[in-house]
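Structure first, then comments.
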Amino acid sequence: MLQKLSAFPGVPGPVVVIVMDGYGIPKTDVGSAIAAARKPTLDALFAECPHITLRAHGTAVGMPSDDDMGNSEVGHNAIGAGQVYAQGAALVANAIADGAIWAGEAWQQIVAGAKAGRGVIHFIGLFSDGNVHSHIDHLKAMVAQAKAEGVKTVRIHALLDGRDVPETSALEYVVPFEAFLAELSTDGFDARIASGGGRQYITMDRYDANWAMVERGWKTHVLGEGPQFANATEAVKGLREKHPGTIDQDLPEFVIADAGQPIGTIHDGDSVVFYNFRGDRAIEITRAFVEADFDKFDRVRAPNVTYAGMLQYDGDLQLPKRFLVAPPAIKDTSGEWFSKMGLAQFACSETQKFGHVTYFWNGNRSGKFDGETWQEVPSDVVPFEQRPWMKAAEITDAMIAALQSGQYKLLRCNFANGDMVGHTGNFRAATMAVEAVDLALARLLPAIQAAGGVALITADHGNADEMFELDKKTKQPAQNKDGSFKAKTAHTLNPVPLVLFDKVTGGRLDLRQLETAGLSSIAATVANLVGFEKHDKWDESVLVVK
Ligand SMILES: O=C(O)[C@H](O)COP(=O)(O)O
Ligand SMILES: [Mn+2]
Ligand SMILES: [Mn+2]
(Lines of atoms letter the chains of each structure in order from A and count residues from 1; the text may use other names and numbers.)
(Lines give C-alpha, C1' and ligand atoms only; values in the text may rest on other atoms or scores of the structure.)
(Ligands and ions follow the chains in the order given, each with its own letter.)
Protein backbone atom coordinates (compact mmCIF):
# COMPACT_ATOMS: atom_id res chain seq x y z
CA MET A 1 0.00 0.00 0.00
CA LEU A 2 1.12 3.59 -0.53
CA GLN A 3 2.06 5.29 2.76
CA LYS A 4 0.45 8.51 3.99
CA LEU A 5 2.60 11.57 3.45
CA SER A 6 3.43 13.14 6.80
CA ALA A 7 4.04 16.69 5.57
CA PHE A 8 0.79 17.12 3.66
CA PRO A 9 -2.69 15.63 3.93
CA GLY A 10 -3.43 16.07 0.23
CA VAL A 11 -5.49 18.68 -1.56
CA PRO A 12 -9.16 18.87 -0.60
CA GLY A 13 -10.56 18.14 -4.06
CA PRO A 14 -9.48 16.21 -7.12
CA VAL A 15 -6.07 16.12 -8.80
CA VAL A 16 -6.25 16.55 -12.56
CA VAL A 17 -3.47 15.78 -15.05
CA ILE A 18 -3.93 17.61 -18.35
CA VAL A 19 -1.74 16.43 -21.23
CA MET A 20 -1.45 18.95 -24.05
CA ASP A 21 -0.24 16.50 -26.68
CA GLY A 22 2.63 17.88 -28.75
CA TYR A 23 3.26 21.02 -26.64
CA GLY A 24 7.01 21.42 -26.19
CA ILE A 25 9.15 24.35 -25.13
CA PRO A 26 10.93 25.64 -28.23
CA LYS A 27 14.49 26.93 -28.42
CA THR A 28 13.41 29.75 -30.71
CA ASP A 29 10.08 31.44 -31.36
CA VAL A 30 10.75 31.26 -35.11
CA GLY A 31 8.57 28.41 -36.33
CA SER A 32 6.80 27.88 -33.02
CA ALA A 33 3.04 27.71 -33.44
CA ILE A 34 2.88 27.95 -29.66
CA ALA A 35 4.74 31.25 -29.58
CA ALA A 36 2.55 32.55 -32.42
CA ALA A 37 -0.73 31.52 -30.80
CA ARG A 38 -2.92 33.90 -28.82
CA LYS A 39 -3.19 32.05 -25.53
CA PRO A 40 -4.04 34.26 -22.56
CA THR A 41 -4.84 31.39 -20.21
CA LEU A 42 -1.55 29.60 -20.82
CA ASP A 43 0.35 32.88 -20.62
CA ALA A 44 -1.24 33.58 -17.24
CA LEU A 45 -0.42 30.06 -16.01
CA PHE A 46 3.26 30.50 -16.88
CA ALA A 47 3.29 34.00 -15.36
CA GLU A 48 1.58 33.11 -12.09
CA CYS A 49 1.93 29.39 -11.28
CA PRO A 50 4.86 27.23 -10.25
CA HIS A 51 6.31 25.59 -13.34
CA ILE A 52 9.34 23.54 -14.37
CA THR A 53 10.42 21.66 -17.46
CA LEU A 54 10.45 17.90 -17.90
CA ARG A 55 12.58 15.78 -20.20
CA ALA A 56 10.35 14.03 -22.69
CA HIS A 57 12.67 12.46 -25.27
CA GLY A 58 15.54 10.02 -25.63
CA THR A 59 16.73 7.91 -22.73
CA ALA A 60 14.47 9.85 -20.32
CA VAL A 61 11.54 7.96 -21.87
CA GLY A 62 13.30 4.66 -22.68
CA MET A 63 14.39 5.39 -26.24
CA PRO A 64 17.75 4.03 -27.45
CA SER A 65 19.51 7.42 -27.52
CA ASP A 66 19.05 11.10 -26.82
CA ASP A 67 18.85 11.70 -30.57
CA ASP A 68 15.45 10.01 -30.50
CA MET A 69 12.44 12.28 -30.18
CA GLY A 70 9.70 11.44 -27.75
CA ASN A 71 6.34 10.10 -28.79
CA SER A 72 2.92 9.43 -27.33
CA GLU A 73 3.50 5.78 -26.51
CA VAL A 74 6.70 6.21 -24.53
CA GLY A 75 5.51 9.54 -23.11
CA HIS A 76 2.19 8.27 -21.76
CA ASN A 77 3.86 5.06 -20.57
CA ALA A 78 6.32 7.14 -18.55
CA ILE A 79 3.64 9.47 -17.17
CA GLY A 80 1.33 6.66 -16.15
CA ALA A 81 3.96 4.23 -14.87
CA GLY A 82 6.15 6.75 -13.09
CA GLN A 83 9.09 4.72 -14.34
CA VAL A 84 11.20 4.43 -17.46
CA TYR A 85 11.42 1.10 -19.26
CA ALA A 86 13.56 0.26 -22.27
CA GLN A 87 10.98 0.65 -25.01
CA GLY A 88 10.25 -1.23 -28.25
CA ALA A 89 12.80 0.70 -30.31
CA ALA A 90 15.59 -0.23 -27.89
CA LEU A 91 14.38 -3.79 -27.24
CA VAL A 92 14.27 -4.65 -30.94
CA ALA A 93 17.64 -3.04 -31.67
CA ASN A 94 19.21 -5.05 -28.83
CA ALA A 95 17.57 -8.31 -29.90
CA ILE A 96 18.97 -7.84 -33.40
CA ALA A 97 22.42 -6.82 -32.13
CA ASP A 98 22.79 -9.92 -29.96
CA GLY A 99 20.93 -12.26 -32.32
CA ALA A 100 18.26 -13.20 -29.75
CA ILE A 101 15.54 -12.34 -32.25
CA TRP A 102 16.74 -15.03 -34.73
CA ALA A 103 17.01 -17.67 -32.02
CA GLY A 104 13.43 -16.96 -30.87
CA GLU A 105 10.62 -19.37 -31.64
CA ALA A 106 8.57 -16.76 -33.49
CA TRP A 107 11.25 -15.93 -36.06
CA GLN A 108 11.96 -19.61 -36.57
CA GLN A 109 8.27 -20.27 -37.18
CA ILE A 110 8.13 -17.42 -39.69
CA VAL A 111 11.03 -18.92 -41.63
CA ALA A 112 9.79 -22.50 -41.33
CA GLY A 113 6.24 -21.45 -42.26
CA ALA A 114 7.44 -19.72 -45.41
CA LYS A 115 9.61 -22.66 -46.43
CA ALA A 116 6.73 -25.08 -45.95
CA GLY A 117 4.59 -22.91 -48.25
CA ARG A 118 5.56 -20.95 -51.36
CA GLY A 119 8.78 -19.77 -49.74
CA VAL A 120 7.57 -16.17 -49.27
CA ILE A 121 7.92 -13.81 -46.31
CA HIS A 122 6.06 -10.50 -46.43
CA PHE A 123 7.20 -7.60 -44.29
CA ILE A 124 4.57 -4.91 -43.77
CA GLY A 125 5.34 -1.74 -41.83
CA LEU A 126 6.30 1.90 -41.62
CA PHE A 127 9.16 2.64 -44.00
CA SER A 128 11.06 5.08 -41.81
CA ASP A 129 13.90 5.68 -39.43
CA GLY A 130 11.75 7.82 -37.13
CA ASN A 131 12.03 5.10 -34.46
CA VAL A 132 8.52 5.91 -33.28
CA HIS A 133 6.70 2.93 -34.80
CA SER A 134 9.55 1.21 -36.63
CA HIS A 135 13.11 1.49 -37.89
CA ILE A 136 14.21 0.61 -41.41
CA ASP A 137 17.43 -0.92 -40.05
CA HIS A 138 15.33 -3.62 -38.37
CA LEU A 139 13.73 -4.39 -41.72
CA LYS A 140 17.13 -4.56 -43.43
CA ALA A 141 18.43 -7.00 -40.84
CA MET A 142 15.38 -9.25 -41.25
CA VAL A 143 15.60 -9.34 -45.03
CA ALA A 144 19.31 -10.26 -44.89
CA GLN A 145 18.62 -12.91 -42.26
CA ALA A 146 15.77 -14.39 -44.31
CA LYS A 147 18.19 -14.84 -47.20
CA ALA A 148 20.85 -16.34 -44.92
CA GLU A 149 18.29 -18.86 -43.67
CA GLY A 150 17.36 -19.98 -47.18
CA VAL A 151 14.06 -18.15 -47.74
CA LYS A 152 13.59 -17.65 -51.49
CA THR A 153 11.28 -14.64 -51.77
CA VAL A 154 10.76 -11.51 -49.70
CA ARG A 155 8.03 -8.97 -50.42
CA ILE A 156 7.93 -5.65 -48.63
CA HIS A 157 4.78 -3.58 -48.19
CA ALA A 158 6.10 -0.13 -47.45
CA LEU A 159 4.04 2.48 -45.62
CA LEU A 160 5.48 5.86 -46.53
CA ASP A 161 6.09 8.06 -43.50
CA GLY A 162 6.49 11.85 -43.79
CA ARG A 163 5.13 12.21 -40.25
CA ASP A 164 7.98 11.04 -38.00
CA VAL A 165 10.50 12.11 -40.69
CA PRO A 166 10.53 15.07 -43.12
CA GLU A 167 7.27 15.39 -45.00
CA THR A 168 8.49 14.57 -48.52
CA SER A 169 11.48 12.35 -47.77
CA ALA A 170 10.12 9.01 -49.07
CA LEU A 171 12.63 8.72 -51.90
CA GLU A 172 15.52 9.11 -49.46
CA TYR A 173 14.41 5.76 -48.04
CA VAL A 174 12.96 4.03 -51.10
CA VAL A 175 15.81 4.60 -53.56
CA PRO A 176 18.66 3.21 -51.40
CA PHE A 177 16.43 0.42 -50.14
CA GLU A 178 15.53 -0.77 -53.62
CA ALA A 179 19.27 -0.72 -54.42
CA PHE A 180 19.96 -2.74 -51.27
CA LEU A 181 17.30 -5.30 -52.25
CA ALA A 182 18.64 -5.55 -55.80
CA GLU A 183 22.14 -6.20 -54.49
CA LEU A 184 20.88 -8.88 -52.15
CA SER A 185 18.79 -10.56 -54.85
CA THR A 186 21.37 -13.09 -56.06
CA ASP A 187 21.69 -16.86 -55.83
CA GLY A 188 17.98 -17.45 -56.36
CA PHE A 189 16.93 -14.94 -53.67
CA ASP A 190 14.38 -12.38 -54.80
CA ALA A 191 13.47 -9.40 -52.57
CA ARG A 192 11.34 -6.47 -53.77
CA ILE A 193 9.00 -3.81 -52.51
CA ALA A 194 5.58 -5.07 -53.59
CA SER A 195 3.08 -2.46 -52.47
CA GLY A 196 2.63 0.56 -50.26
CA GLY A 197 1.12 3.97 -49.75
CA GLY A 198 0.93 6.85 -47.28
CA ARG A 199 0.66 5.74 -43.66
CA GLN A 200 -2.26 8.11 -42.99
CA TYR A 201 -4.10 6.82 -46.08
CA ILE A 202 -3.76 3.05 -45.71
CA THR A 203 -3.25 0.42 -43.02
CA MET A 204 -2.06 2.41 -39.99
CA ASP A 205 -5.32 3.59 -38.42
CA ARG A 206 -5.57 3.50 -34.64
CA TYR A 207 -8.23 3.15 -31.95
CA ASP A 208 -10.93 2.16 -34.46
CA ALA A 209 -11.00 5.72 -35.79
CA ASN A 210 -11.23 4.86 -39.49
CA TRP A 211 -11.35 1.20 -40.54
CA ALA A 212 -11.68 2.23 -44.18
CA MET A 213 -7.94 2.99 -44.04
CA VAL A 214 -7.19 -0.56 -43.00
CA GLU A 215 -9.48 -1.96 -45.66
CA ARG A 216 -7.61 0.05 -48.31
CA GLY A 217 -4.36 -1.35 -46.92
CA TRP A 218 -5.67 -4.92 -47.04
CA LYS A 219 -6.74 -4.52 -50.65
CA THR A 220 -3.33 -3.11 -51.51
CA HIS A 221 -1.05 -5.53 -49.67
CA VAL A 222 -3.07 -8.75 -49.73
CA LEU A 223 -5.20 -8.49 -52.85
CA GLY A 224 -2.81 -6.38 -54.95
CA GLU A 225 -5.46 -3.84 -55.95
CA GLY A 226 -4.36 -0.32 -56.82
CA PRO A 227 -2.52 1.73 -59.40
CA GLN A 228 0.40 -0.28 -60.78
CA PHE A 229 4.03 0.77 -61.13
CA ALA A 230 7.27 -0.99 -62.08
CA ASN A 231 8.96 -0.31 -58.73
CA ALA A 232 8.49 1.78 -55.61
CA THR A 233 10.75 4.60 -56.79
CA GLU A 234 8.56 5.00 -59.87
CA ALA A 235 5.47 4.72 -57.70
CA VAL A 236 6.46 7.59 -55.41
CA LYS A 237 7.42 9.77 -58.39
CA GLY A 238 4.26 8.87 -60.29
CA LEU A 239 1.94 9.48 -57.35
CA ARG A 240 3.58 12.80 -56.59
CA GLU A 241 3.06 13.90 -60.17
CA LYS A 242 -0.56 12.88 -60.06
CA HIS A 243 -1.19 14.43 -56.61
CA PRO A 244 0.91 17.57 -56.49
CA GLY A 245 1.34 19.03 -53.01
CA THR A 246 0.37 15.78 -51.25
CA ILE A 247 2.89 14.93 -48.55
CA ASP A 248 4.14 11.40 -48.09
CA GLN A 249 1.87 10.35 -45.24
CA ASP A 250 -1.21 11.12 -47.37
CA LEU A 251 -0.10 9.59 -50.71
CA PRO A 252 -2.53 6.99 -52.10
CA GLU A 253 -1.77 3.30 -52.43
CA PHE A 254 0.45 1.69 -55.07
CA VAL A 255 1.04 -1.84 -56.27
CA ILE A 256 4.18 -3.10 -57.98
CA ALA A 257 3.45 -5.32 -60.97
CA ASP A 258 5.29 -7.16 -63.73
CA ALA A 259 3.31 -7.23 -66.99
CA GLY A 260 0.10 -6.32 -65.18
CA GLN A 261 0.56 -9.01 -62.51
CA PRO A 262 1.06 -7.76 -58.92
CA ILE A 263 4.31 -9.24 -57.61
CA GLY A 264 3.44 -9.50 -53.93
CA THR A 265 -0.13 -10.57 -53.21
CA ILE A 266 -0.43 -12.61 -50.02
CA HIS A 267 -1.52 -16.25 -50.14
CA ASP A 268 -2.09 -19.37 -48.04
CA GLY A 269 1.20 -20.68 -46.70
CA ASP A 270 3.04 -17.33 -46.79
CA SER A 271 4.58 -15.78 -43.70
CA VAL A 272 3.77 -12.19 -42.74
CA VAL A 273 5.72 -10.01 -40.30
CA PHE A 274 4.23 -6.68 -39.29
CA TYR A 275 7.49 -5.00 -38.38
CA ASN A 276 6.27 -1.96 -36.42
CA PHE A 277 7.12 -2.31 -32.75
CA ARG A 278 4.54 0.19 -31.49
CA GLY A 279 1.06 -1.11 -30.86
CA ASP A 280 -1.58 1.57 -31.46
CA ARG A 281 -1.41 1.64 -35.24
CA ALA A 282 -0.53 -2.06 -35.53
CA ILE A 283 -3.57 -3.56 -33.83
CA GLU A 284 -6.22 -3.15 -36.52
CA ILE A 285 -4.26 -4.67 -39.43
CA THR A 286 -3.10 -7.43 -37.07
CA ARG A 287 -6.72 -8.23 -36.26
CA ALA A 288 -7.51 -8.45 -39.97
CA PHE A 289 -4.80 -11.10 -40.35
CA VAL A 290 -5.38 -13.18 -37.22
CA GLU A 291 -9.10 -13.06 -36.33
CA ALA A 292 -11.13 -15.94 -37.73
CA ASP A 293 -14.44 -14.09 -37.16
CA PHE A 294 -13.15 -10.69 -38.29
CA ASP A 295 -16.05 -8.43 -39.28
CA LYS A 296 -14.70 -4.88 -39.63
CA PHE A 297 -14.69 -5.11 -43.44
CA ASP A 298 -14.99 -7.75 -46.12
CA ARG A 299 -11.54 -9.23 -46.58
CA VAL A 300 -12.65 -10.96 -49.81
CA ARG A 301 -9.87 -13.49 -49.22
CA ALA A 302 -8.34 -14.29 -45.81
CA PRO A 303 -5.12 -16.18 -46.53
CA ASN A 304 -3.96 -18.69 -43.97
CA VAL A 305 -0.54 -17.27 -43.09
CA THR A 306 2.06 -17.57 -40.34
CA TYR A 307 1.73 -14.09 -38.81
CA ALA A 308 4.00 -12.34 -36.34
CA GLY A 309 4.13 -8.83 -34.93
CA MET A 310 7.47 -7.28 -34.15
CA LEU A 311 6.14 -7.02 -30.58
CA GLN A 312 2.97 -8.17 -28.92
CA TYR A 313 0.75 -5.12 -29.35
CA ASP A 314 -1.83 -5.89 -26.67
CA GLY A 315 -0.90 -8.17 -23.80
CA ASP A 316 -4.46 -8.49 -22.44
CA LEU A 317 -5.88 -9.54 -25.77
CA GLN A 318 -2.69 -11.45 -26.66
CA LEU A 319 -2.58 -9.67 -29.98
CA PRO A 320 -0.88 -11.17 -31.84
CA LYS A 321 -0.04 -14.50 -30.24
CA ARG A 322 3.23 -14.73 -32.18
CA PHE A 323 5.73 -11.86 -31.80
CA LEU A 324 9.45 -11.54 -32.47
CA VAL A 325 10.48 -9.50 -29.40
CA ALA A 326 8.83 -9.36 -25.99
CA PRO A 327 7.39 -5.93 -25.14
CA PRO A 328 8.47 -4.08 -21.99
CA ALA A 329 6.79 -5.63 -18.95
CA ILE A 330 5.42 -2.45 -17.41
CA LYS A 331 4.42 -3.05 -13.80
CA ASP A 332 3.19 -1.07 -10.81
CA THR A 333 1.68 1.76 -12.80
CA SER A 334 0.07 4.69 -11.01
CA GLY A 335 -3.34 3.64 -12.34
CA GLU A 336 -2.97 0.26 -10.69
CA TRP A 337 -1.77 1.63 -7.36
CA PHE A 338 -4.28 4.47 -7.14
CA SER A 339 -6.94 1.87 -7.85
CA LYS A 340 -5.59 -0.33 -5.04
CA MET A 341 -5.81 2.70 -2.74
CA GLY A 342 -9.50 2.96 -3.57
CA LEU A 343 -9.26 6.23 -5.53
CA ALA A 344 -11.78 6.66 -8.33
CA GLN A 345 -10.13 7.69 -11.61
CA PHE A 346 -11.58 9.32 -14.72
CA ALA A 347 -9.76 9.31 -18.09
CA CYS A 348 -10.95 11.17 -21.16
CA SER A 349 -9.80 12.06 -24.65
CA GLU A 350 -11.03 11.99 -28.20
CA THR A 351 -10.61 8.87 -30.33
CA GLN A 352 -7.20 9.83 -31.74
CA LYS A 353 -5.67 9.96 -28.26
CA PHE A 354 -8.12 7.85 -26.29
CA GLY A 355 -5.79 4.86 -26.04
CA HIS A 356 -3.02 7.20 -24.94
CA VAL A 357 -4.77 8.15 -21.66
CA THR A 358 -6.05 4.60 -21.10
CA TYR A 359 -4.00 1.84 -22.74
CA PHE A 360 -0.58 3.57 -22.84
CA TRP A 361 -1.18 5.28 -19.49
CA ASN A 362 -1.86 1.93 -17.82
CA GLY A 363 1.29 0.28 -19.24
CA ASN A 364 -0.21 -1.00 -22.53
CA ARG A 365 -3.10 -2.65 -20.76
CA SER A 366 -6.47 -2.57 -22.49
CA GLY A 367 -8.56 -3.44 -19.42
CA LYS A 368 -9.60 -0.98 -16.72
CA PHE A 369 -8.45 -1.08 -13.13
CA ASP A 370 -11.17 -1.11 -10.46
CA GLY A 371 -12.62 2.35 -9.97
CA GLU A 372 -11.61 3.63 -13.41
CA THR A 373 -14.08 5.31 -15.78
CA TRP A 374 -13.01 5.98 -19.36
CA GLN A 375 -14.80 8.35 -21.69
CA GLU A 376 -14.07 8.58 -25.41
CA VAL A 377 -15.21 11.56 -27.47
CA PRO A 378 -15.42 10.44 -31.14
CA SER A 379 -12.83 12.27 -33.28
CA ASP A 380 -13.65 13.88 -36.61
CA VAL A 381 -12.50 11.82 -39.59
CA VAL A 382 -11.08 14.72 -41.61
CA PRO A 383 -7.63 16.18 -42.24
CA PHE A 384 -7.09 17.94 -38.93
CA GLU A 385 -5.77 21.15 -40.48
CA GLN A 386 -9.39 21.64 -41.58
CA ARG A 387 -10.69 21.42 -37.99
CA PRO A 388 -7.79 22.34 -35.73
CA TRP A 389 -10.07 22.79 -32.73
CA MET A 390 -10.74 19.06 -32.92
CA LYS A 391 -12.75 17.92 -29.86
CA ALA A 392 -11.12 20.17 -27.26
CA ALA A 393 -14.48 21.70 -26.30
CA GLU A 394 -16.25 18.34 -25.99
CA ILE A 395 -13.42 16.86 -23.89
CA THR A 396 -13.69 19.90 -21.66
CA ASP A 397 -17.44 19.38 -21.30
CA ALA A 398 -16.85 15.76 -20.28
CA MET A 399 -14.14 16.72 -17.79
CA ILE A 400 -16.29 19.44 -16.23
CA ALA A 401 -19.22 17.02 -15.89
CA ALA A 402 -16.93 14.45 -14.25
CA LEU A 403 -15.55 17.08 -11.87
CA GLN A 404 -19.04 18.28 -10.97
CA SER A 405 -20.21 14.74 -10.33
CA GLY A 406 -17.91 14.72 -7.32
CA GLN A 407 -17.17 11.05 -7.99
CA TYR A 408 -13.50 11.23 -8.90
CA LYS A 409 -10.36 11.96 -6.91
CA LEU A 410 -8.10 11.64 -9.97
CA LEU A 411 -8.86 12.81 -13.47
CA ARG A 412 -6.75 12.88 -16.60
CA CYS A 413 -7.29 14.04 -20.15
CA ASN A 414 -5.39 14.54 -23.36
CA PHE A 415 -5.93 17.45 -25.75
CA ALA A 416 -4.77 16.09 -29.11
CA ASN A 417 -4.62 19.41 -30.97
CA GLY A 418 -0.98 20.51 -30.77
CA ASP A 419 0.15 17.10 -31.92
CA MET A 420 -2.40 16.03 -34.52
CA VAL A 421 -2.45 19.43 -36.20
CA GLY A 422 1.32 19.79 -35.74
CA HIS A 423 1.73 16.60 -37.80
CA THR A 424 0.04 18.25 -40.78
CA GLY A 425 2.88 20.76 -41.10
CA ASN A 426 0.32 23.56 -41.44
CA PHE A 427 1.59 26.45 -39.30
CA ARG A 428 -1.56 28.54 -39.35
CA ALA A 429 -3.74 25.59 -38.34
CA ALA A 430 -1.29 24.64 -35.59
CA THR A 431 -1.57 28.09 -34.00
CA MET A 432 -5.36 27.64 -33.99
CA ALA A 433 -4.87 24.22 -32.43
CA VAL A 434 -2.96 25.77 -29.54
CA GLU A 435 -5.59 28.49 -29.23
CA ALA A 436 -8.31 25.82 -28.98
CA VAL A 437 -6.47 24.20 -26.09
CA ASP A 438 -6.10 27.59 -24.42
CA LEU A 439 -9.86 28.15 -24.68
CA ALA A 440 -10.46 24.71 -23.20
CA LEU A 441 -8.20 25.47 -20.24
CA ALA A 442 -10.02 28.75 -19.69
CA ARG A 443 -13.15 26.72 -18.91
CA LEU A 444 -11.59 23.67 -17.30
CA LEU A 445 -9.32 25.31 -14.74
CA PRO A 446 -12.08 27.29 -12.96
CA ALA A 447 -14.11 24.07 -12.70
CA ILE A 448 -11.14 22.35 -11.07
CA GLN A 449 -10.74 25.23 -8.65
CA ALA A 450 -14.46 25.18 -7.85
CA ALA A 451 -14.17 21.49 -6.98
CA GLY A 452 -11.35 22.29 -4.55
CA GLY A 453 -8.85 20.60 -6.83
CA VAL A 454 -5.50 21.26 -8.45
CA ALA A 455 -4.11 20.51 -11.91
CA LEU A 456 -0.80 19.51 -13.39
CA ILE A 457 -0.63 20.83 -16.94
CA THR A 458 1.96 19.11 -19.07
CA ALA A 459 2.66 17.43 -22.42
CA ASP A 460 4.00 14.09 -23.65
CA HIS A 461 6.50 15.50 -26.19
CA GLY A 462 6.88 18.48 -28.49
CA ASN A 463 5.43 19.04 -31.94
CA ALA A 464 3.65 22.40 -32.46
CA ASP A 465 6.67 24.10 -30.84
CA GLU A 466 8.77 23.48 -33.99
CA MET A 467 6.86 23.67 -37.24
CA PHE A 468 9.97 24.22 -39.41
CA GLU A 469 12.77 21.73 -39.99
CA LEU A 470 15.97 22.71 -38.21
CA ASP A 471 19.25 23.00 -40.09
CA LYS A 472 21.36 20.03 -39.01
CA LYS A 473 24.43 22.20 -38.35
CA THR A 474 23.11 25.51 -37.07
CA LYS A 475 20.01 24.07 -35.30
CA GLN A 476 18.15 27.11 -36.59
CA PRO A 477 15.05 26.83 -38.85
CA ALA A 478 16.19 25.65 -42.30
CA GLN A 479 15.27 27.71 -45.34
CA ASN A 480 14.43 26.66 -48.89
CA LYS A 481 16.29 28.37 -51.75
CA ASP A 482 13.42 30.87 -52.11
CA GLY A 483 13.76 31.90 -48.46
CA SER A 484 10.65 30.06 -47.25
CA PHE A 485 10.92 27.68 -44.33
CA LYS A 486 10.72 23.90 -44.67
CA ALA A 487 7.57 22.59 -42.98
CA LYS A 488 8.18 20.05 -40.26
CA THR A 489 5.61 17.41 -39.37
CA ALA A 490 7.47 15.34 -36.77
CA HIS A 491 7.80 15.56 -33.00
CA THR A 492 10.64 17.55 -31.45
CA LEU A 493 13.45 16.92 -29.00
CA ASN A 494 12.32 19.78 -26.76
CA PRO A 495 11.40 19.47 -23.10
CA VAL A 496 7.80 19.95 -22.03
CA PRO A 497 6.29 22.12 -19.29
CA LEU A 498 4.91 21.01 -15.97
CA VAL A 499 2.69 23.69 -14.46
CA LEU A 500 0.97 23.39 -11.09
CA PHE A 501 -2.40 25.14 -11.01
CA ASP A 502 -3.30 25.45 -7.36
CA LYS A 503 -5.74 28.03 -6.04
CA VAL A 504 -6.83 25.96 -3.05
CA THR A 505 -3.88 25.46 -0.68
CA GLY A 506 -3.03 29.10 -0.09
CA GLY A 507 0.33 28.81 -1.84
CA ARG A 508 1.67 25.88 0.19
CA LEU A 509 2.78 23.97 -2.88
CA ASP A 510 5.65 24.52 -5.28
CA LEU A 511 7.58 22.52 -7.90
CA ARG A 512 11.33 21.91 -7.87
CA GLN A 513 13.41 21.72 -11.03
CA LEU A 514 15.36 18.48 -10.56
CA GLU A 515 18.00 18.01 -13.21
CA THR A 516 16.69 14.51 -13.83
CA ALA A 517 13.03 15.50 -13.89
CA GLY A 518 11.16 13.84 -16.72
CA LEU A 519 7.70 12.61 -17.57
CA SER A 520 8.21 9.78 -15.11
CA SER A 521 8.26 12.35 -12.27
CA ILE A 522 4.55 13.00 -12.68
CA ALA A 523 3.15 9.84 -11.03
CA ALA A 524 4.96 10.48 -7.73
CA THR A 525 3.97 14.14 -7.87
CA VAL A 526 0.30 13.16 -8.24
CA ALA A 527 0.65 10.71 -5.34
CA ASN A 528 1.97 13.51 -3.14
CA LEU A 529 -0.84 15.82 -4.21
CA VAL A 530 -3.40 13.31 -2.97
CA GLY A 531 -1.41 12.90 0.26
CA PHE A 532 0.54 9.69 -0.38
CA GLU A 533 4.21 8.81 -0.57
CA LYS A 534 5.25 7.56 -3.98
CA HIS A 535 5.55 3.86 -4.77
CA ASP A 536 9.14 2.60 -4.35
CA LYS A 537 9.48 1.95 -8.05
CA TRP A 538 8.41 5.42 -9.18
CA ASP A 539 10.85 8.17 -9.97
CA GLU A 540 11.14 11.16 -7.63
CA SER A 541 8.29 13.60 -7.13
CA VAL A 542 8.91 17.25 -7.98
CA LEU A 543 6.37 18.57 -5.47
CA VAL A 544 7.56 20.88 -2.70
CA VAL A 545 5.34 21.37 0.37
CA LYS A 546 6.09 24.58 2.20
O1 LIG B 1 1.40 7.81 -34.87
C2 LIG B 1 1.56 9.02 -35.05
O3 LIG B 1 0.63 9.79 -35.28
C4 LIG B 1 2.97 9.55 -35.04
O5 LIG B 1 3.84 8.63 -35.61
C6 LIG B 1 3.42 9.77 -33.64
O7 LIG B 1 2.54 10.57 -32.93
P8 LIG B 1 2.13 10.24 -31.43
O9 LIG B 1 3.30 9.55 -30.81
O10 LIG B 1 1.89 11.60 -30.85
O11 LIG B 1 0.92 9.41 -31.47
MN1 LIG C 1 1.69 12.55 -28.32
MN1 LIG D 1 2.30 12.77 -32.60
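From the backbone N, Cα and C atoms, a Cβ is placed for every residue, glycine too.
What TrEMBL records for S72 is active site, phosphoserine intermediate. In three-state terms derived from DSSP, S72 (active site, phosphoserine intermediate) belongs to a helical segment.
Remark: H461 (Mn(2+) 2 binding site) has G22, G24, A56, H57, V61, M69, G70, N71, S72, G75, D419, H491, T492, V496 as non-local neighbours, by Cβ distance under 8 Å and separation of at least 6 in sequence. H461 (Mn(2+) 2 binding site) falls within neither a helix nor a strand when secondary structure is assigned with DSSP, and so counts as coil. Among the features that TrEMBL reports, Mn(2+) 2 binding site is placed at D21, S72, D460, H461.
Look at TrEMBL and you will find H133, R163, D164, R199, R206, R278, G279, D280, R281, K353 tagged as substrate binding site. Cβ neighbours within 10 Å of D164 (substrate binding site), excluding its own Cβ and spanning all shown chains: 21.
According to DSSP, H423 (Mn(2+) 1 binding site) sits in a coil region rather than a helix or strand. What TrEMBL lists as Mn(2+) 1 binding site is D419, H423, H491.
Per-residue pLDDT, averaged over the domain 'Metalloenzyme' (14-534), rounds to 98. The annotation domain 'Metalloenzyme' is assigned in TrEMBL to 14-534.
Annotation comment: TrEMBL describes 93-314 as domain 'BPG-independent PGAM N-terminal'.
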Under 8 Å by Cβ from R281 (substrate binding site), counting only residues of that chain that are 6 or more apart: H133, R199, M204, D205, R206
Cα-nearest neighbour of D164 (substrate binding site) within the listed binding-site residues, D21, H423, D460: H423
Cβ-centroid neighbourhood (8 Å) of the Mn(2+) 1 site, D419, H423, H491 excluded: D21, G22, N71, S72, R163, G418, M420, G422, H461, N463, A464, T489, A490
D460 (Mn(2+) 2 binding site) and H423 (Mn(2+) 1 binding site), distance between Cα atoms, whole Å: 15
Contacting binding-site residues, sequence order - D21, H133, R206, G279, R281 vs ligand 3, Cβ under 6 Å: none
Listed binding-site residues adjacent to ligand 1, that is, members of R206, D419, D460, H461 whose C-beta is under 6 A away: D419
Neighbour tally for D21 (Mn(2+) 2 binding site), based on other Cβ positions within 10 Å of its Cβ: 29
